[in-house]
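**Q** Sequence annotations record features per position, and here TrEMBL assigns transmembrane segment to A:12-32. TrEMBL lists A:106-196 with the feature domain 'FMN-binding'. Look at TrEMBL and you will find A:179 tagged as FMN phosphoryl threonine.
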C-alpha cells in the first residue's frame, strides 16, 4: 500500500499528464483554425459594413480603414462615448464613409448604428447593429424585422429641416405604439448627417478631388 | 351514471350561482365601458364567451369529463369576460379568440380544470397577448373619437375602416402608455395626463361591482385592499418626493385595470391565496409588483405579470400562513 | 460477432438513451441550451449535433483513459477532457461553420457545463468499454438532439410559420431550398411567445406531457392485456 504522499504525487503527475495532452490538442486545433477564424471575423465585419454602401462602390478592406473620430467632432455627433468611422475607397478615391453612432434614447437603452454616407453627404443605408427594443414592437428598426430603415436612403443635408418622424412634423415613418425607437434612430442619423455636413472638410481625406 | 363527488367539493349549483353573481357584478363596468368605447366591447364579450365555451367543451371531452355540468358552472364565461374587458375594445377578432383559447386550454384545462389551475387563466391569456403582440395590444380606441357601431364591427372583423375615419380612433395608446413613453422622453408630466375621464369612469363601475360582491360575502376584503395598499405604498411616497416625475396615486388607482383587478382578478379563489394573512401578502405583492412593472418595466401595464408572479407564491403563502398549530408560535403574528 | 446477450444490451442502451432516460424529457439535464437555442429547428439541430459530438468523443475518451484515472481526481480529469473537446469543437465551428457559430454564440462553449456530458462520463463511460461508452454518448446526444429538434420545429412553426429557416448556415447555399414557408412569407406572420424564452418552457412542458401520456397509454394497454388473460373479475372492475 502506497503512502498518501506518494499517492498525491502520482495523482498530480497524472493530472499534469492529462493537462499536457489537452494543451497539445488545443494548441494544434488553434493552429489549424486561427487563420480561418480571423478571416471569418473580418469577412463578417466587412459584410455588415458593406451593407451600408452601394455594392461595388469600393475596393478596399473596410474593417482595416477604421479610424477614431476626432474628439472635437464627436460632440457634434451627439455622443458621449468615443466613436469610430470607416473610409471606403474606389481606386484610391474616397467613395463613402461609414460612421458608428449611438442613439442614447431608445425605449430600452442605447441603439448602436452604422450609417453609410456617400461623399456628397447623403445617406446610403442605415443598419442597427445592436438594440434592446421590445421584441415585436420597437424592433422594427432592425432590418431583419422590417424595411423601416430603408427610408433613410438618399436623404441628406437638404432634408435636415424636416428630419423627424411624422408624428413630430417630420418626414419619416414610424410604427404607432412604438414611436420612441423610431424617434431615437431618426435623431441619431440626423445628427450624423448634420455633423458630416459641418465637418466634411475634416473628415474627408485630402486626396478627394 | 351519477357521479358521487367527495363531500368537501362545492356542489356545481353553488359554483354556478357564485359565477352568475360575479358576472352580474361586472355589468355596471361593462355598461360604462360600452358608453365610453362603444358596442365593440359587447362584440368582444360575445366572441370571448363563444370561444371559451367551445374550448372548454372540447377539452372536457378530450379529458373524458362530463361536459355539461362543468360548462354550466359558468367559470369559463367569467374568464372570457375578464379577458374581453382587459384586451383593447377594438382589437381584431382573432386577438380575443387566441387569448381565450390559451386561457381555457393551456392555463385552465391542461392543469386539470376549475380548481386546479395555479395561474389565473384570464391573466395568463392577457400575458400571452401582451408578450406576443405588443403592437396590437397597445392600440386602444380613443374615447374622444368613437366610431359608430357598424364601423366598429367592420374594424374588428375585417380590419378595415369606412372612408373618412380618423386612424387615431383605433390606434391611440392608453393613458398609462402615453405617460410612460412621454416621461422617458423627458416631457413634462402635466402635458401627458389623460385628457378624458373615460378610464376613471369605467374604474368606478368595477369598484361598484366589487363592493357589491363583498357585501354578498363572495370576495374577501383582504386581497383587494392589500393590493391597493401595495400600489399606494410605492405610488404615494414617490409622488410626494418628485411630483413632476411620478404620476399621482389617484391616476394609478383609476387608470389601467387596477380596480378591475382588485375586485375581480386578485380575488380569484382558485389561483389566489386562501388564508387571511396569505391574502394580505398576496394582494400587497400584486400591488407592489404592478407599480414596479408599470413604472419601470417595458410593458404598458403590469397587473397581469404581477398576478402571475404572485400566483407562483401561493402554495408557499398558504403553507406558511396557515392558522397556528397549538403552542407552535413564538408570538409573531 | 456480437452474442445475443450483447445485442440486447446495445438495444437497451439505445432505448434507454432515446426514450426511457431521455436527457431532455426525463433527466431534464442541460436545460439552459435546450430552452435558449430551440427557437428554430436549424439552431436546435446544430446545437444538438455539436453536443452529440462532444458526448460521443468524451465518452470514448473517458472510457479509453479510465484505467489511468485515479478515483480521487476523476472529476478534474473528466472536466479537462470535456472542456478540451468542447473548445476544439468551438474552434472548428468558428472556422468552418462561422455563420452558425455566430448564431449559437455562447452556447457552444457552454456545452462544457451541460450536465449530461459530465453525468454520462461519471455514470457510464468511467466503468464501461470504449465501444459501449461511445454508443452511450452517441445515443444520449441523439436523444437530446431529437428533443431539441422537435422543440425547435414546434417553436419555429408556431412562432415564425417556417421550418428549417437558416438551413444554409448548416448546409451552405443548398440549404436555402430546404426552407419551408408554412405561412406565405409576405404575410409577416409572427407569434412572439413561441420564439421568446417562455415559449421554450411551455413547449418543453408540452413535449414532456406528450411523452408521459404515451407512456401512460402503453402501460394501460399492457395492464389491460395482462388482466384480460389473467382474471375476468379484475377487468370488469377496471372498466369504470
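Every residue, even glycine, has its Cβ placed from backbone N, Cα and C.
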**Q** Looking only at DSSP and grouping its letters into three states, which state does residue A:179 (FMN phosphoryl threonine) belong to?
**A** helix
**Q** In sequence order, which residues at least six apart in the same chain have a CB under 8 Å from the CB of the residue listed as 'FMN phosphoryl threonine'?
**A** A:165, A:167
**Q** Along the domain 'FMN-binding' (A:106-196), what average pLDDT does this model show?
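**A** Across the residues of the domain 'FMN-binding' (A:106-196) the model's pLDDT averages 87 on the 0 to 100 scale.
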